[in-house]
Amino acid sequence: GLENHTAGSGFVLLAFCDHSSLQGLCFTVFLVMYLVVLAGNSLIALITVVDSSLHSPMYFFLRNLSFLDICYTSVTLPKMLMGFLRADGRISFLGCAAQLYFLVFLGSTEGLLLAAMAYDRYMAICHPLQYPLAMGRGLCTRLVLSSWGAVAPVQVWQIYQLFTLPFCASHVHHFFCDVPPLLDLACADTFWNQVMMHTITLVFIVLPCCLIVLSYVKIIRAILKIPSVVGKHKAFSTCSSHLVVLTLFCGSATVVYLKGHSRDSGDPDKYFALFYTIVTPMFNPLIYSLRNQEVRIALKKLLWTK
């Protein structure tokens, strides 16, 4: 009976602002963050399309990352904003399943895409003569399509495995449907669900992060061999933005999904989740544009033309 009741009535998401007096402030803050994500990433995607000087593999990956970040934040933020407006965090059973699927699908894809971007930087700095031939449009397209395609079937199985569990409660201590807080509501043994969650985290987050770290170890070695101080500075500047994104995204996601979860850890998990669902997509355009002279020049050209 509990299972049927939960499946029929859905869940209730418990966001950050429990007091009604703070609902307006929270709505304003998160609305501004969402608009920054949409505007910043759309602008990066636009200038990498219209400016012919930004048609290199690095900006091809950056354009895909910007599109991915727009989709990623749109999975959670609009629903949370509606919850603030209506003071109602209810979400249907199927709506919760769909939100969680796209969240883990897009999040895992971003981990693989960041690894592809690290490989691109490795080839550009460590093998500059081979780079134009090795990183052709065909390989770049295959890397991006593989990042999207490799995740989809695995996440379908995880969502099916999770939402066939019986649930004994409906209040999710999170601002979106996520695996750990939903497992807290289950009335059955969740051992295999935990195994699946940790396996996916290791394969799609930890493993790409390890490959990225390995790439940057080799990149740093190559940079240290550059005789020119200006050359070293330019190479470090190109890679530093990628490392900042890596730290924000992979670090916070790994903490949430690999550490032991309990009901008492709900609030800290909310704040960690902010980093990989909202903060990282919000700062991606800022990090890449302000620390990259080519993007700044293209942006000035676009604005001047307009």
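Placement of Cβ uses the backbone N, Cα and C atoms for every residue, glycine included.
Whatever TrEMBL says is automated annotation, not expert-curated.
Marked as domain 'G-protein coupled receptors family 1 profile' by TrEMBL: 40-288.
If you look up TrEMBL, you'll see 22-48 (among others) marked as transmembrane segment.
Tertiary proximity for the transmembrane segment (60-78) is limited to same-chain residues at least six positions away from its ends with a CB under 8 Å from its CB atoms, namely 30, 33-34, 37-38, 41-42, 44-45, 48-49, 99, 102-103, 106-107, 109-110, 113-114, 116-117, 120, 137, 140, 143-144, 175-176, 277-278, 280-282, 284-285, 288. Residues or ranges marked as transmembrane segment by TrEMBL: 60-78 (among others).
Per TrEMBL, transmembrane segment is recorded for 98-119 (among others). Counting same-chain residues at least six beyond the ends of the transmembrane segment (98-119), those with a Cβ under 8 angstroms from any Cβ of the stretch are 58, 61-62, 64-65, 68-69, 71-72, 75-76, 79, 91, 143-144, 146-148, 150-152, 154-156, 158-159, 162, 176-179, 182, 200, 204-205, 208-209, 211-212, 215-216, 242, 245-246, 249-250, 253, 276-277.
Taken from TrEMBL, the feature transmembrane segment covers 139-160 (among others).
Residues annotated as transmembrane segment in TrEMBL: 195-217 (among others).
Residues or ranges marked as transmembrane segment in TrEMBL: 238-259 (among others). For the transmembrane segment (238-259), same-chain residues at least 6 beyond its ends with a Cβ under 8 Å from one of its own Cβ atoms are 107, 110-111, 114, 117-118, 121, 125, 178-180, 197-198, 201-202, 205-206, 208-209, 212, 216, 219, 265, 269, 272-276, 279-280, 283-284, 287-288, 291-292.
Annotation comment: TrEMBL describes 271-290 (among others) as transmembrane segment. Sequence-distant contacts of the transmembrane segment (271-290), counting only residues of its own chain at least 6 positions beyond either end whose CB sits under 8 Å from a CB of the stretch, comprise 30, 33, 36-37, 40-41, 43-44, 62, 65-66, 69-70, 72-73, 76-77, 103, 107, 174-176, 178, 241, 244-245, 248-249, 251-253, 255-256, 296, 299.
Same-chain residues lying 6+ beyond the ends of the transmembrane segment (139-160) with a Cβ under 8 Å from its Cβ atoms: 57, 60-61, 64, 97, 100-101, 104-105, 108-109, 112-113, 116, 119-120, 179, 193, 196-197, 200, 203-204.
Long-range contacts of the transmembrane segment (195-217) within the same chain, counting only residues at least 6 positions beyond its ends with a Cβ under 8 Å from a Cβ of the stretch, are 104, 107-108, 111-112, 114-115, 118-119, 121-122, 151, 154-155, 157-158, 161, 179-180, 183, 239, 242-243, 246, 250, 253-254, 257-258. Per-residue confidence over the domain 'G-protein coupled receptors family 1 profile' (40-288) averages out at a pLDDT of 87.
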